[in-house]
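Student: Mind having a look at this structure? Questions to follow.
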Amino acid sequence: MSILRAKTSGAQQHEEFRMAFKLSYITGRQDNNVLEVTLAAGQNAVVHATVKNTGTEALNLLKYGTLFDSAPVQKVDVYEGENAVPFKGILRSIQRTDLAPEVFHTLAAGETFETTFNAAEVHDLSSTNYTFIAEGTIPVAPVGSTKISDTIFFKSNTLTIPVDGAAAQSMAKAIPASIDRRTILQSGCSTTQKTQTTQALSYCAQLARAASTAASSGSATKFSEYFKTTAAATRSVVAARLSAVASQCSSLTSGSTTYYCTDIYNYCSSNVLAYTIPSTNEIVNCPLYYSALPTLSGTCHAQDRATTSLHEFTHAPATYSPGTADNGYGYSAAVALTSAKAVLNADSYALYANAIYVGC
């Protein structure tokens, strides 16, 4: 169940790891193996990342949720032993059409992009050795266009860094632990926002319930299309997560997640529909959620408010733990994931729920 709300008013420098794996086009272009990503250690939890276009053509890469993104997104996965360290930044739902030019980064042939970030800003780190790896997908459009035409899968080298916990914990977090939560939806959101959000969450609950049932006892072929396995254990996890989403979408006044209809953290930039703060279990709708999406779509794999909300609820660990990540945006990227990645990919759930509803 969810509460809907609105806002009122020095370790040693380490040797660089040069070995890297190259990124490859999922859809099998002739010019695959065109990007090379390398992680290197800085002071304490600081990571230097380089992305090099080793191909012969420029690449027009979507920034959101990648190493090109300036926001506190999940740029690397962090592990303590075999256990993933929870991410405490933001996860955003992105409009897949009518994208703005500024949400892309063009990387010329032979060009290298460099970025440096402190993993302690979005992870709680103690004094131990941590493993860092950058892995995921990047949507790509033709140069001069903003229409997504392909997806790139990437995996960097593995980097191990001994972290000074006291120094890491003194680092200011990108997202504060809590914020003032004074105004609930009914007294803060506009009438139109309240109506549209209420309708969307009602459909979200219906779609999640139907998809949960399908995951448990529906077509194995359809399930495998989105989650790349028919294993009973995986079907059970997917069904349970979707059932939990249905519960969250079923209430506007109570529960373990908090839902806002205004941009309380100021991350509603171009083409962002909504975002989730996993560490605080807060979900925020952006203006585009209301202006660019229908409440519910009857088109296969199209975006709407209901499935966007469903997508966001899977991110929140209070809905079902662990929360999902953004391992692949859109149908082509989502169905190219491994089963292990798909079961933790928010869009896989939204796309599957849409497919069960529409009959894709």
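Note: Cβ is positioned from N, Cα and C throughout, glycine not excepted.
Here the structure is a predicted model, which means the values were calculated and not measured.
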Student: I want to verify the bond table. Which candidate from Cys189, Cys360 sits on the other end of the disulfide that Swiss-Prot records for Cys261?
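Tutor: Disulfide pairing in Swiss-Prot: Cys261 with Cys189.
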Student: Just choose from Cys268, Cys300 the cysteine that Swiss-Prot connects to Cys286 via a disulfide.
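Tutor: When Swiss-Prot is consulted, Cys286 turns out to be bridged to Cys268.
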Student: Run through the Cβ atoms and count how many others sit within 10 Å of the one on Glu312 (active site).
Tutor: 30
Student: For Asp326 (Zn(2+) binding site), name the DSSP secondary structure in the helix/strand/coil scheme.
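Tutor: The three-state answer is coil.
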Student: Could you state the whole-number distance in Å separating the C-alpha atoms of Asn129 (N-linked glycosylation site) and His315 (Zn(2+) binding site)?
Tutor: 27
Student: Can you check which residues sit near Cys268 (disulfide bond), meaning Cβ under 8 Å from its Cβ, same chain, 6 or more apart in sequence, and list them in order?
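Tutor: Residues satisfying the criterion: Tyr275, Val284, Cys286, Pro287, Leu288.
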Student: Would you mind listing, in sequence order, the residues at least six apart from His311 (Zn(2+) binding site) in the same chain with a Cβ closer than 8 Å to its Cβ?
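Tutor: Result: Ser93, Ala274, Ala346, Asp347, Tyr349, Ala350.
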Student: For the C-alpha pair, I'd like the distance in angstrom between Cys189 (disulfide bond) and Glu312 (active site), rounded off.
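Tutor: Just about 19 Å between their Cα atoms.
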Student: Roughly how many Å lie between the Cα atoms of Glu312 (active site) and Cys261 (disulfide bond), rounded to a whole value?
Tutor: 13
